[in-house]
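According to TrEMBL:
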- 168-320: domain 'Peptidase S54 rhomboid' (DOMAIN)
- 126-146: transmembrane segment (TRANSMEM)
- 183-200: transmembrane segment (TRANSMEM)
- 212-230: transmembrane segment (TRANSMEM)
- 250-267: transmembrane segment (TRANSMEM)
- 279-299: transmembrane segment (TRANSMEM)
- 305-322: transmembrane segment (TRANSMEM)
Amino acid sequence: MRRPFCVELFSKITRNGYSDTYANLFSPKSVFSSAIPKSTSNPFHQRSLSHYSTISRSHLWNLCTPNAVTGTMRNGGFRSFVLARMFFSNALLKGQGKFPATIRTRRFLHSFQSMDRGRRSVFRRFTVDGVVIGLITANVAVFILWKVADPTFMMKNFMISVDSFTSGRLHTLITNAFSHRDAFHLFGNMMGLYFFGTSIGRNFGPEYLLKLYLSGAIAGSIFYLAYHAFIAPSLQKEQMRGISSSKIPALGASGAVNAIMLLDIFLFPRNIVYFEMFIPMPAILVGIFIIGHDIWRAWQGETRVSGSAHLGGATVAALAWLRNRKGRFRRF
């Protein structure tokens, strides 16, 4: 698409051969001409490029290619390839009113790149300890809310169920993963988040750790909803007690923590892990036990602990491990 653009733009330029304008166009002085006050000594502030340029069409055609711009940069005209492209584009389009869509596209891309750089600069301020402590603090804060806030409000906004999700409370896909009502449940999840989350963060960075936690939370919620919408009714466990499976709520960070914990186990299967914080075992054996136990829980109907939500976190860990095997773990 760039080639026809160059042909149409340079068709109006004369063929008088090479002149001093070519040298002035790519001199370091002209690179910063936009920052210099307008004066009569600079012809670019008086007329468009097509009035003064005497470059031959062949020279201009070669100049359009990336190799030519790179070569000009290496010869001392520009210090960076990005600066060369920006200046060359601005110089050619100065005084030309035929390409408003192109100019708007360039401005949009520049704005999008600025937003992306801003987002990454925010994540650069994060540290691994900061992300881990922040997640733990958020979980503790919601735990305190259960003690002081309206229970009806907390059940509607910090627990997930099929009925709650279908009624429009989509935010519970994430908020339930920061919610605990039992102190022992909170303590166990936060211990796993602290030790395994610190390990993942040090290997892949704080941004990766945060994305992994949120991905495990969402996947755990989706697995829980799918299980109670399609699988649990066929098991007829809840119906025997007179409770519809679509009304059973759930909460807890187990799915998110499972994603972090199992990814660390998959990456370092020979590490020694203290099972139940007391029994030293190889990490791979602990991982096999956790996944097998969650499958058994789901098969038994999830009376107290949601094995389906845990399996959602395990699925995220497996996918992240496969991406790591392909060398793309930095882009989650």
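Placed from the backbone N, Cα and C atoms, the Cβ positions cover glycine too.
Whatever TrEMBL says is automated annotation, not expert-curated.
Keep in mind it's a predicted model, so treat the numbers as computed, not measured.
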Per Cβ pairs under 8 Å, the stretch of 126-146, 183-200, 279-299, 305-322 packing most closely against the transmembrane segment (212-230): 305-322
For the transmembrane segment (126-146), distant same-chain residues with Cβ under 8 A (at least six beyond the ends): 154, 158, 175, 178-181, 183, 186, 189-190, 193-194, 197-198, 201-202, 205-207, 209-210, 213, 253
Top partner of the transmembrane segment (305-322) among 183-200, 250-267, 279-299 - counted as Cβ pairs under 8 Å: 250-267
Folded-back contacts onto the transmembrane segment (279-299), same chain, C-beta under 8 angstroms, at least six residues removed: 227, 231, 258, 261-262, 264-266, 268-273, 305-308, 310-311, 314
Residues of the parent chain within Cβ reach of the transmembrane segment (183-200), under 8 Å, 6 or more residues beyond its termini: 128-129, 131-132, 135-136, 139-140, 143, 208-209, 212-213, 252-254, 256-257, 260-261, 263-264, 268, 277
Rounded mean pLDDT for the residues that make up the domain 'Peptidase S54 rhomboid' (168-320): 92
